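Before any comments, here is the structure.
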């Protein structure tokens, strides 16, 4: 069966290394965004022990949840070409609808946030003209630094031309710049902390939570610490950008995709930890909710000197704008795919339209590339899916193929229509931080914790009514799905994890497919060797899935409860 995962695509060593780094840094840039600016204050309020522990724990949990998504994509080849398609194939329509709404609101909300924040950095705080444009040009006011004019220029003159690059792979250089800008921001904050230590002005790092600043040790303090913890829990969200990256990894193996996830999360964790520790040492209790407010010339000059503070301030603002613009471009891809699926994916009875290649879009976009594979899968399965899935699975393949092909056909209408709506929202409602922060936390909990936990339970056969993956043995249930189609989870259990051909059969060490007789022996040997480890891994998966779902539900409850807390 065709798949978006290019298991046996030949690539030179240089091409393989380039695709690996491109995927890792694209994913890292999707994770590192505006949300990191609230981390230093949350870190200090929670204390260095709990704050550092949460950054590490959530990073590990995010690695697990993304590995589950990849495992589910491999187990449901042909249908799980997007996050929504994976959720539907593993858990059914209702969970798929939940994911679709969460991704749509999350990506659209943050696109609006990025437009607003970049515009504010460029224009400054009215009525003062103290933004980046005024600092670089010396202009003291006028129509060219008006907020609405700058926002329209940003949207129409910068974002719109860059969105002509249809493939997420074409944004790789820009994402390298975005990650470099985030690293520069963290490095400047670390330099401030080091200067504070050298000058004897460093604020001590609190070990325990700051109960007085959190409102005491009673119910009010517990409510505030829950809100503060939610800032750290939501800092690694980038799951909506995982599926567009999978076709870019060539050649694809379980070890390589695990390496991509690990590298992206390690870089993100390094940025978060450096930013938090440096900010806490340099500014202490005066840390603002948005640490960018502390990185002003006035507050940095006592630690760095006047001229270095001016240069650092300019570097921070320019780098921050580049970083957020890269995030805006990345988020537009899953947002467009989510809208296309909402419009066209449910029309499953119709035959899939011509693929993107027939309209001159072949290979141009990440989602259209996945759609071409799904279209080929639909043609292959015809009236049913080989390997055990029935007509319902074929209908899902046709629906996914239709949505992907229509997304490619209407790329410009969808992309620039969504950009126009985000621009209009940014102009009409400039003070949107509270509402979008609330929506962002709720949607982040769904896509980063709740749904990956449910997918893990479905792969283990523990989700009620979970569809059986294509190729699963009749009596295997969820366990068969994991062992046959999810080498990531198998490796996590301690078993072997051979590379797989695109037809799902194991590849021999020499690169030649195993004969049928040896294939059966291989499966029996693998089952015997991984029996005990598989049982332990299954228990660990269930416990971790329960933890992820519980954390997600806790974030949702906290989000709804906050407006009622005095």
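A Cβ is built for glycine as well, from the same backbone N, Cα and C atoms used for every other residue.
Note that TrEMBL annotation is computational and uncurated.
Going by TrEMBL, these are the annotated features:
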type: DOMAIN; residues: 18-460; note: domain 'Amino acid transporter transmembrane'
type: TRANSMEM; residues: 54-75; note: transmembrane segment
type: TRANSMEM; residues: 95-117; note: transmembrane segment
type: TRANSMEM; residues: 145-165; note: transmembrane segment
type: TRANSMEM; residues: 177-199; note: transmembrane segment
type: TRANSMEM; residues: 219-239; note: transmembrane segment
type: TRANSMEM; residues: 260-289; note: transmembrane segment
type: TRANSMEM; residues: 309-332; note: transmembrane segment
type: TRANSMEM; residues: 411-429; note: transmembrane segment
type: TRANSMEM; residues: 435-459; note: transmembrane segment
Any chance the transmembrane segment (260-289) and the transmembrane segment (54-75) are in contact, meaning at least three CB pairs closer than 8 A with a sequence separation of 6+? yes
Any chance you could find the range in 54-75, 145-165, 309-332 with the most Cβ pairs under 8 Å to the transmembrane segment (411-429)? 145-165
Per the Cβ under 8 Å criterion, with at least 6 residues separating them from its ends, the transmembrane segment (309-332) contacts 26, 29-30, 32-34, 107, 110-111, 114-115, 117-118, 121-122, 132, 135-136, 158-159, 162-163, 165, 168, 171, 174-175, 177-182, 184-185, 188, 191, 240-241, 292, 295-297, 300-301, 303, 415, 418-419
Cβ under 8 Å to the transmembrane segment (177-199), counting only same-chain residues 6 or more beyond its ends: which ones? 25, 28-29, 32, 36, 40, 267, 270-271, 274-275, 277-283, 291, 295, 300, 303-304, 312, 315-316, 318-320, 322-323, 325-327
